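For reference, the structure is listed below as structure tokens.
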Amino acid sequence: MDSVDSVFYSERLGPSNNPLLDQLPSYQSLLYRRKSSATGSTKRRGSSRRHLSSSSSWKWKGDKVEEKPKAVAHQRLICELPKTMEEKRRDNVQRMEQARDLSSWKQWRQNTHHSLKRLKEDCMELLRRLKLWRGDIHVIEGMFGTGILSYFSFLRFLVLLNFVIFLLMFCFIMLPIIIAPHTSGNATFDLYNGRECSNYPSTSRRGLVVFHQYITDLLSGTGFLEETYLFYGYYKVESIYFPKFSYNLPLAYLLVTITYLFLSLIWIVKRSAAGFKRNLVQDEDRFQSFCNKIFAGWDFCITNETAARLKQSSLLYELKTDLEEERIKQKIADRTRREKCRIYVLRLVLNLFVVAVLAACFFSIYRATIYSQEFQSSQFDQRPNFILELIFEYLPSIVITLANFITPLMFTLIIQFEDYSPAFEIRFTLMRCVFMRLASIGVLLFSLWSQITCDLGPKCPCGYKHSDYPCWESRVGQEMYKLTIFDFIIIGAVTIFVEFPRKLIVTYCDCGLAKWWGQQEFAIPQNVLEIVYGQTICWIGTFYCPLLPAICTIKYFIVFYIKKMTLVKNCRPATRPFRASSSNFFFLVVLLIGLALACVPVIFSIAQINSSRACGPFMNYTKSWEVVPEAVSQLPGGLPTFFFALSSEAFAVSFFVVTCLAMFYVIALAGAHKRVVDQLREQLAMEGRDKRFLIQKLCQAQRTSVRSAGVQSHADRDRQSNRGAQNHDDPGGVFLAQPPVSATHV
């Protein structure tokens, strides 16, 4: 062990006596950085050496290395060991001999540990087998790789999330109302019945109803659907009194709304944490990026030959993109002041044009929403035929869909003149599209509330326009319901009437236009924006349409098979790659933006807008939030004082200060970790220089040994030639051998 330590820990025996190791770049750099603190660094190296030697699980004994015996209870199963059968049998016999020496208690603990571990593994395997679309996702992964797989995994996550939200709404909102008549439960209803704001006329069609009117009601959520469990207005219950307890439905409605938003936040953050860590690890310099793409860029999940060729082309595209970014960086660095002014002015003009396009789209959505609401407020007999009625009902959804279809094409064309790097072009275009899709929902809600709300006064005694919107929450729920249905119709229609005919034309038509048009690409970002847009609508609409999560669950379940069919039959993977690690993180970031946008209108309607007095669980309250203080005031003991203290300004300020301190601590910790990562990267680079230095020394030693061997062989040949010349000059011509030293030698 002293010989080993004398090489690596030379300070133990004094100065190093190995001149080769003293010449290593890492050693020279260490001396340069620590020459001012040699004593302290020696102590630290000694303490680190003692820590390493004490924490290691290996012991040096002579020339052999022995491993410390592990605890029997924490040993791996023999079937999991990467050994031959003979070695596994030998290990099994050895473990049985060790088990005989244990006490009964330790043997019981060991058996229990193994049984629980096996039960846990069986349960995990069962859960993996029960995972939704397990086989389909494996097929997609094998055919197209992990980049497209990330989209379908994200779609599965949204299906599970919406199903959990539906279970919350069903168990705590719908189920108590359903079971109340069957369990001797009594329900209390509207306390303001008969007043001006409590009038809620029925919207069901009366008399002879034409069949297409039922289709209109089914697609728009009006008529018979408005008076079902589907919408907010149906839940006209304040409390449900069961034999042994009472159930406060308004409080449950509000708490479930907060719960599903908070649950969505926690679930998304938990899933995005792993992707964020991978993004931090992948935030390396360009040289390491090239090495990773060349040596570790292949996706070994691919088993399809076509997908393998596409992966090769995507890797080639990534390398070309990185080289193009390096070229653009060099071009940016070489720009003159005149060129910089020109490109900045051009970008300013183009961004002003983008803002003008967005403003025109938002104004169109605003006018379409107002016109649609005015049409819905008209009498049934004043409405035109079935088709026009359906178009007017869906006018905001149609305008939003057209805007979401046209603006990405314009953004893709505009970004080409702004002279950005290829990677930044993709990100910037996607962020513009995200803003367009999500902001359109905000404009729609703003348009609705501008028609619903009014200043409280003689002309507006209810705090909202009761004559036009007796149950404004159900009207908002109907708009979210129509957006969801129309989005699903558009996805199916594009697949059937656009992508499938395009596949047939490209496959069976040999004209140049068809070849130039090419096969439809399965663009992952655009498809993700579609489902994020739908999920944002679901989060907003769940408060006004409690069954909307169930509709979205069914919608995404069908969309999975539609997208799988269009991927396999109609489309090809995009030529521009999208890595799985960055994909998952990008998807969840966009989903977090959608969740933040969804929280704003829901919180605003709960806290600021007067609730409807004619429908819903909050008809006995001016605002929906008033149910919380009332419920807290009815708690026994000092609980009301405690909860009111939590809502006070003093607690809010204290909590804010503590949160800021915790945030500063986390930021400082992250900075320290970043410095450690930088030091480790520097150490890795230094080790690379050490290896190159040692290889150079080895090559020099080999050349020296070869040269010396050549000189020695040349000298031996000269010596042999001289000896032959001497034998040739001998007159007898016979070599006389020396006699043996003694007579015993033969």
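Every residue, even glycine, has its Cβ placed from backbone N, Cα and C.
Annotation comment: TrEMBL describes 1-56 (among others) as region 'Disordered'.
Here TrEMBL flags 15-29 as compositional bias 'Polar residues'.
Under the heading compositional bias 'Basic residues', TrEMBL lists 32-52.
As annotated by TrEMBL, transmembrane segment applies to 157-179 (among others).
Sequence annotations record features per position, and here TrEMBL assigns transmembrane segment to 251-269 (among others).
TrEMBL lists 344-366 (among others) with the feature transmembrane segment. Through the fold, the transmembrane segment (344-366) approaches residues 396, 399-400, 403, 407, 410-411, 414, 417-419, 432, 435-436, 439-440, 443-444, 446-447 of its own chain, all at least 6 residues removed from its boundaries and within a Cβ separation under 8 Å.
Per TrEMBL, transmembrane segment is recorded for 394-417 (among others).
Per TrEMBL, transmembrane segment is recorded for 429-449 (among others).
Marked as domain 'TMC' by TrEMBL: 471-581. Across the residues of the domain 'TMC' (471-581), the predicted structure has a mean pLDDT of 83.
Remote same-chain partners of the transmembrane segment (585-609), defined as residues 6 or more beyond its termini with a Cβ less than 8 Å from a stretch Cβ, comprise 150-151, 154, 254, 257, 261, 264-265, 268-269, 271-272, 275-276, 278-279, 430, 434, 438, 441-442, 445, 449, 452-453, 463-464, 473, 476, 525, 528-529, 532-533, 535-536, 539-540, 543, 623-625. Taken from TrEMBL, the feature transmembrane segment applies to 585-609 (among others).
Annotation source TrEMBL lists transmembrane segment at 650-672 (among others).
Per TrEMBL, region 'Disordered' is recorded for 706-746 (among others).
Here TrEMBL flags 714-731 as compositional bias 'Basic and acidic residues'.
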Outside the transmembrane segment (429-449), six or more residues from its ends: residues with CB under 8 Å to it: 354, 358, 361-362, 365-366, 369-370, 373, 396, 400, 403-404, 407-408, 411-412, 415, 475-476, 479, 483, 525-526, 529, 532-533, 536-537, 540, 586, 590, 593-594, 597, 600-601, 605, 609
